[in-house]
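Participant: Before we start, here is the structure in question, set down as structure tokens.
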Ligand code: RTP
Ligand code: MG
């Protein structure tokens, strides 16, 4: 299994609820190394670009509102099989369908406000990491 990277955001609801520490603890305890990390806030244009793949979906406006309403924690994570293992750790998009013990099961309120993002491919992980971080912010 190759060591690779994924990209995550602890979404505005996680920051608002004071869940940054608990979620990061779960991530690092699951074997992910933090390669880059910062507290930042996306503009409307940032969120529209980041989630452009969903721009025809009925929830797109709500998604952009949600993702821009406050700060997020953006991070790049490294581990063997990072993309797939992180998607397993966060659980299904809808917390009602997420497995017990997953981050979304523990910390997400609904399908719309679901606590965390995880890249869905190695290619998107690289694109999304570069969207938020310069080379000299990665360690
Ligand atoms: P993410 O990209 O944030 O890691 O989430 P995901 O892959 O599990 O889900 P995706 O289908 O990519 O959807 C992106 C985000 O849009 C919001 N969403 N709302 N109201 C709805 O039906 C709905 N469906 C999706 C969620 O915030 C989801 O994470
Ligand atoms: Mg997605």
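Glycine is treated like the rest: Cβ placed from N, Cα and C.
Grabbed the feature section from TrEMBL, which reads as follows:
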ACT_SITE  117  active site, pros-phosphohistidine intermediate
BINDING   11, 59, 87, 93, 104, 114  ATP binding site
DOMAIN    3-137  domain 'Nucleoside diphosphate kinase-like'
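Just tell me what is around each of these and how deep it sits.
Facilitator: Cβ neighbours within 10 Å of residue 117 (active site, pros-phosphohistidine intermediate), excluding its own Cβ and spanning all shown chains: 20.
In sequence order, 11, 93, 94, 95, 104, 108 are the residues of the chain that are 6 or more apart from residue 114 (ATP binding site) and have a CB within less than 8 Å of its CB.
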Participant: About how far apart, in whole Å, are the alpha carbons (Cα) of residue 117 (active site, pros-phosphohistidine intermediate) and residue 59 (ATP binding site)?
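Facilitator: That comes out at 16 Å between the alpha carbons.
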Participant: What are the DSSP helix/strand/coil residue counts across the domain 'Nucleoside diphosphate kinase-like' (3-137)?
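Facilitator: Going by DSSP assignments, the domain 'Nucleoside diphosphate kinase-like' (3-137) contains 65 helix, 28 strand, 42 coil.
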Participant: Could you measure the widest C-alpha to C-alpha distance across 11, 59, 87, 93, 104, 114, the residues recorded as binding ATP, and give it to a whole number of angstrom?
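Facilitator: Greatest Cα separation within the listed binding residues comes to 21 Å.
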Participant: How many other Cβ atoms sit within 10 Å of the Cβ of residue 59 (ATP binding site)?
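Facilitator: 12, counting other Cβ atoms within 10 Å of residue 59 (ATP binding site).
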